[in-house]
Structures are given as C-alpha cells and as structure tokens.
Amino acid sequence: MTRIFSGVKPTGHLTLGNYLGAVRRWVEVDQYRAEALFSVVDLHALTVEHDPARVRRLSRQAATLLLAAGLDPKRCTLFVQSHVDEHARLSYLLECTATDGELRRMIQYKEKSVQARAAGQSVRLSLLTYPVLMAADILAYGTDEVPVGEDQTQHVELTRDLAVRFNQRYGHTFTVPRATRPEVAARVMDLQDPTSKMGKSHANGSGIVYLLDDAETVRRKVMRAVTDSGRDVEYDREGRPGVANLLDLMAAATGGNPEALAGVYQTYGSLKKDTADAVVELLRPVRERHAELAADPGYVDQVLRDGALRARETARPLVDRAYRAIGLLPAG
Ligand code: AQP
C-alpha cells in the first residue's frame, strides 16, 4: 500500500495556504487511499527565535485543527514529531550523508538567515540543517508520497537525493519519495503582497487568512486584497499576481478552474466578494468543529498518544536498519 507522510510546523496559526496547499488533500483524499501519517513537526519550530509556551500552545492547536479539518484517527496516524525519537536519530545519519554546500543552497535558509540577521538575531545552526531533519521525517516511514505545497519542492528534492546517496553507499535502505501537489492553489499568495507566499510566520497578518479567523475578518482581508490598477479580470500569475491569487482561491474553494473563472467576472469587486463568501463557507465547518474539539483536550491528547505509538512502531525497524547499514555496532 502507498505510504504518505506530511506535516505542519507550529510556527504560527494555520493558514488558508496550509489548508489548500496540503491539509485539504490529506483530509479528502490521502487518508482514504493510502497508509497516511501526518505530523505536527514541532522540532522545526525551534530553528528561529521562539517562545517555548507559544510553540507548545500552537502544537496543540495545530493538532486540534487537523482533526477539525477532518483527519480521522481511525484512518490515519496523527502525532507530534518530538514524541517519536526516530526522527532525530535518523536525522544525524542523514547529516552524515548531506553536504554543507547543498544545505546552503536551500532557498528557505537563504531567506530566513537574511531575515534573522536583519532583525539583529543570530542564525541558529538548526536553520541550516532542518531540511535534513525533514528528510528524516519522510524517510523514517518508507514514504512513497509527500503531499505538500509548492514551497516545499526543493526540500523534497533534497530528501530524494539523500535517499539515493544513502542507498548507493550503504545498500538499499530507503524508499525514494516523490512530492505531490494540488492542481489549484499549490502556492497561495499573501493578499497584501501577492508576490510572496502566504506564510503563517509572517509578521503582518493582514494579508493572511487564518483558519480560525471569523467570517467578518476573512471578508475584510479578502475585500482589501491588493490587486492592480487594471480593470479586466485575467488569469496572469506573472503580470497580475493579485487577481490570479483571488482566482486561484475562488477556484480552489468552489472546485472550478481559475482560467475559466476569469471569463465569468467583469470587475475585481465582484470577484473579491464571491471569493470572500466562498472562503468563509469553506472554513466555517473547520472553525465550528475546532471549537468543539478545543473543549475536549483530553481527546486530542489521546489521539496524539496513540499516533506516536503507531508512528514509533512503523519508524523504528527502518531506522534501526539504517543504523546497521551505515556501520554502527548494534547494541548487544
Ligand atoms: N501559501 C501556501 N500555499 C500553498 N501551500 C502552502 N503551505 C504553506 N504555505 C502555503 C503548505 O502547507 C504545509 C505546511 O506548511 P509549513 O507549516 O511547513 O510552512 P508555512 O505554513 O509556510 O509556515 P512558515 O513558518 O511561515 O514557513 P516558511 O516561512 O518556512 O515557509 C506544507 O506542505 C506547505 O507546502
């Protein structure tokens, strides 16, 4: 059976980008067609300046939101990364497989290290190495497919390279995974800066739709989305990124096609209004279910405990095999 792994970082409140780029497919498709594991990858939230209490709070919130969005613990495994030691164990072996040159080429490292320095902060070594930890997250489970948004393409490529290199040097150990992306909205852009990705850790939230935003807030953010001074509604991601982003959102929320939708609208105003309504309706059930689940933290804890147990059982034999393959003496 196909095995799927993917995750979200508790670096902020989950966004519409997370939902459309990744989570919705996990819920609607992946958990039904494959042996699927989904993780709140909390260790990745420690690569930049962080507040411990906030990371803990956001980790629980992310898990609750994934359940609210429709992950079914009877159909998939949901767990917190730091509850399963195999990720960190395997990460070290993969650090011994990767080179510093290939990690320094990672776009996210380049961008975030510049941001940290600009803010007068030092750059944590883990910011450089976290794509290796992400490779470990994926490879520890013999993963075939990694459903992610477009921004993760480079990291999954690195994961593939490391798997192939390890297999060539030490004998076949890892499945070489591939990324899968949604057809529409694989890269949701910030509503205030449609040339940048909508990212949950960005400081200015006015261009970001959070899954827990109330209807009025979602409407306001979409209605104030930056477009351009043109008038015709055209789908042109390069020339008209703001309008294209709205068409992507509308298409993703209603199951349409962004190019075809462009022909339906005469004005930006009507496109914004319909998009705002569609996004509100898309997120309403998630927000409602979240409120119910948040009132029952014991249930969420139990799901995460069971999930960690299952994840550990799946990962341990494979990681043990990697330890032997690379030349480490098994404990007697
Ligand atoms: N804007 C987006 N459009 C489509 N997919 C997206 N994803 C994230 N943003 C978008 C996908 O959601 C999954 C989880 O993302 P993440 O938690 O790894 O990253 P993030 O939400 O982008 O959070 P940050 O902290 O703001 O990340 P950086 O700044 O590192 O990008 C992934 O599958 C991702 O592709």
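Cβ coordinates are placed from backbone N, Cα and C, and glycine is handled just like the others.
Feature list (source: TrEMBL):
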- Lys9, Pro10, Thr11, Gly17, Asn18, Gly149, Glu150, Asp151, Val188, Lys197, Met198, Gly199, Lys200, Ser201: ATP binding site (BINDING)
- Asp137: L-tryptophan binding site (BINDING)
- 10-18: motif ''HIGH' region' (MOTIF)
- 197-201: motif ''KMSKS' region' (MOTIF)
### Task
Mind checking which of Lys9, Lys200 has the fewest other CB atoms within 10 A of its CB? They're the binding-site residues.
Lys200
### Task
Tell me which binding-site residues (Lys9, Thr11, Asp137, Val188, Lys200) have a Cβ under 6 A from ligand 1; sequence order is fine.
Lys9, Thr11, Val188, Lys200
### Message
Please report the Cα separation of Lys200 (ATP binding site) and the residue listed as 'L-tryptophan binding site' in Å, rounded to an integer.
### Response
21
### Query
Per DSSP, to which secondary structure element type does the residue listed as 'L-tryptophan binding site' belong, with helix, strand and coil as the options?
helix
### Task
Measure from the Cβ of Val188 (ATP binding site) and count the other Cβ atoms within 10 Å, all protein chains considered.
27
### Query
Among the binding-site residues Thr11, Asn18, Asp137, Glu150, which residue has its Cβ surrounded by the fewest other Cβ atoms within 10 Å?
Glu150
### Secondary structure tally of the motif ''KMSKS' region' (197-201) (DSSP, helix then strand then coil)
0 helix, 1 strand, 4 coil
#### Entry: Nonlocal neighbours by CB distance (under 8 Å) for Met198 (ATP binding site), same chain, sequence gap 6 or more
Thr15, Leu16, Gly17, Val188, Met189, Asp190, Leu191, Gly207, Ile208, Val209
### Query
How far is it from the residue listed as 'L-tryptophan binding site' to Glu150 (ATP binding site), counting Cα to Cα, in Å?
18
### Task
Could you check what DSSP calls Lys9 (ATP binding site) once collapsed to helix, strand or coil?
coil
### Message
Just to confirm my parser: what is the rounded mean pLDDT across the motif ''KMSKS' region' (197-201)?
### Response
91
### Task
Give the helix, strand or coil assignment DSSP yields for Glu150 (ATP binding site).
helix
